[in-house]
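Report on one structure; see the data block that follows.
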Amino acid sequence: MTAIVDIIGREILDSRGNPTVEVDVVLEDGAMGRAAVPSGASTGAYEAVELRDGDNSRYHGKGVRKAVDAVNGEIFDAIGGMDAEQQAQIDETLIELDGTANKGRLGANAILGVSLALARAAADSLDIPLYRYVGGVTARTLPVPMMNIVNGGVHADNPIDFQEFMIMPVGVQTFSDALRCGSEIFHTLRSELKKAGHNTNVGDEGGFAPDLPSAGAALDFIMGAIVKAGYRPGDDVALALDPASTEFFKDGKYVYGGEGKTRSIEEQAQYLAKLASDYPIVSIEDGMAEDDFEGWKLVTDMIGKTCQLVGDDLFVTNVTRLADGIRNGRANSILIKVNQIGTLTETLAAVEMAYKAGYTAVMSHRSGETEDSTIADLAVATNCGQIKTGSLSRSDRAAKYNQLLRIEQQLGAQAKYAGRAALKAV
């Protein structure tokens, strides 16, 4: 009854107006699953390959017809008739069918669309939510949201070098309280920025993109908004950063174009440590560049016992890179992005490896998103306790938050908000 009878791929648009892949998987019993694939702006060099057409006469070369054709043709031919509940087996078949180390032949965007739609179809067939299908009966932890309320770097047209400034409501009791807290701070920040004469345009992930001179200036505005909204910085609401430092790591140095400063590897680690000391910062993602292994070890030794250090470009949701990082004492947490690796099975393997090593895991969106809310279910399914899915504006971001509200309501008394305990690695 759960045999795959049809797979339909199509080209749709993401939140930036660029094409991406959407896939429907239809089963013999009439069940159907749909998934849309996200896309990143600041991408790690070691991510699985997103296949683009390169035909400049369509979408400036960013079309995904080749990936869609792979879904409708070669992939369906290979897995049509297989049992949708055999997720690991089908994912392995897709990896072997592609035959490359980075999924570059068929495209990770084609493979991931099928992999996620497959899980949704199987859940639909069993008439259970996706988080329950993937995570079983123990899936009940609602994650602390990392809400990106100030955008910089490649996500915004402003001089701020760091890419994301986030708030984490760690001191509230429920996810719905966390969302309300974030929304109130977001709107307070809008008023404070306007009052100070800054624009309140938003970046790719829905956060404000004001012309501020430095990370410190952005953090000061956020601290003020937290207090003005009636919350206590550090107690009710903690801060998190994503410098995305690979983007400004040049010739062994960190070149801050907006600030007009250059920092050595040691100075970069010291700068992050000072920020974490001066502000209630509990998490820093990609504070060092993806290939700056010396810097990662340095900053981990320096503040890894008191601050969550998340590897995104460093690990790219890849168990080989994660295992190497664990062995060598780099970071203490991994960012989980399904499209960095390309299948649900490999995504879950990365989460499991992190847990076994005592690392935390943060489920994450990409800057180019869709209305697909799969990562909300995966955050609950894995009990990872943290989700990063943008600001409190733009419906592509709100879709994930709204799904978490539904899950919390569904779980009722069983629902448990992760709170500060989510940062167990520190």
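Using N, Cα and C of the backbone, Cβ positions are placed for all residues, glycine too.
Binding site for Mg(2+) per Swiss-Prot: D242, D312, plus E285 from the candidate set E205, E285, E346. For the (2R)-2-phosphoglycerate site that Swiss-Prot gives as Q163, R366, S367, K388, the extra residue drawn from K337, K356, K400, K416 is K337. Counting only residues at least six positions away in the same chain, the Cβ atoms of P38, G40, D312, V316, T317, S364, H365, R366 sit under 8 Å from the Cβ of K337 (active site, proton acceptor). There are 25 other Cβ atoms within 10 Å of the Cβ belonging to R366 ((2R)-2-phosphoglycerate binding site). If you check the recorded positions E205, D242, E285 against S367 ((2R)-2-phosphoglycerate binding site), the ones with a Cα inside 10 Å of its Cα are E205. In the shown protein chains, 28 other C-beta atoms lie within 10 A of the C-beta of D312 (Mg(2+) binding site).
Note: the CA-CA distance between E285 (Mg(2+) binding site) and K388 ((2R)-2-phosphoglycerate binding site) rounds to 11 Å.
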